[in-house]
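Right, one structure below, let's go through it.
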Amino acid sequence: MGTGWRALLDEATRRLTESGVDSPRVDAEFLAAHVAGVSRGGLFAAAAPTSAQAKKFRSLVERRAAREPLQHVLGTAPFRYAELAVGPGVFVPRPETEQLAEWALARLATVAAPLVVDLCAGSGAIGHAIVSERPDAVVVLVEKYPEAANWLRRNLDGVAARVVEADAVSPETLSDLDGQCDAVLSNPPYVPTSTAVSPEVAADPATAVFGGSCGLDVIRPLIPRAARLLRPGGVVAIEHDDSHGAVVPELLTAAGFADATDHDDLTGRPRFATATLPPRGLARLAGCEAL
Ligand SMILES: C[S@@+](CC[C@H](N)C(=O)[O-])C[C@H]1O[C@@H](n2cnc3c(N)ncnc32)[C@H](O)[C@@H]1O
């Protein structure tokens, strides 16, 4: 890297540090790489910035210093092997959700042409990963809110998957698939409403982040909906708040699911619960609403 980029990066790192950005140097490098048109690693061999590039870089750094999410400034967010388009109106996919997708891909490895539903799809991160990495899968993605659904359609454009704009917890949604799905996967809104969030999280739509006073407003009805969608032996995976590592498996068990298990994320926090629908799982569904 020439001294030009190094000096700009040092200046940007100072500016982002003052603004309270968590990873100032890394963010500065992503922004510089974006402006230079290279990967972050490629920045070190990049030509010195032109004055137009330096001006553009400083303007992007100012947006990030105002705590606009890095992914909004860049216009994309990485998720497994894909770069998804993101911006205001859609939830920025997070690395921890990649583990849920990885779990599902492993569980589906022996199922030919699996039918997979991604409920609360947002940018389409989970469903996009499944259909990209299992091209024989039949994937249906459901998103309720129109602005998010626009981003979803954009990310799934040209991808062999079905996008449905509807309420994921309504019994009518995808009722044509009841009893047939091999996997129901979901990263629903789950943060308890009173939780203080960073400016970056506040830039996500509130309807994507918050799940009511205890965080379970969407998860509760989603569990019986998943049970009805699944075939016997089908699996469910639901991401949840780190305070819900016990209750979500309990809700799954109460709904008639077997093998309810919770999984930690890479930071060791409880992050998603999985379970299997046994042949007689639907018989106990009524118990879920009581919890
Ligand atoms: C936490 S975001 C997750 C988005 C994406 N699945 C991901 O992992 O990045 C939750 C998404 O669920 C959507 N959503 C909230 N309630 C919903 C409902 N009842 N039916 C369908 N989508 C819903 C929100 O608009 C948002 O896009």
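Glycine too: its Cβ is placed from the backbone N, Cα and C atoms.
Taken through DSSP, the domain 'Release factor glutamine methyltransferase N-terminal' (8-75) splits into 49 helix, 0 strand, 19 coil. The domain 'Release factor glutamine methyltransferase N-terminal' annotation in TrEMBL covers 8-75.
Annotation source TrEMBL lists domain 'Methyltransferase small' at 105-193.
Per TrEMBL, S-adenosyl-L-methionine binding site is recorded for E143, N187. Residue density at N187 (S-adenosyl-L-methionine binding site): 26 other Cβ atoms are found within 10 A of its Cβ, drawing on all protein chains shown.
Look at TrEMBL and you will find N187, P188, P189, Y190 tagged as substrate binding site. DSSP classifies N187 (S-adenosyl-L-methionine binding site) as coil under the three-state reduction.
Counting only same-chain residues at least 6 apart in sequence, those with a Cβ under 8 Å from the Cβ of Y190 (substrate binding site) are G211, G215, L216, V218, I219, E239, H240, D241, H244. The Cβ of E143 (S-adenosyl-L-methionine binding site) has 29 other Cβ atoms within 10 Å, all protein chains considered. Cα separation, P189 (substrate binding site) to E143 (S-adenosyl-L-methionine binding site), rounded: 12 Å.
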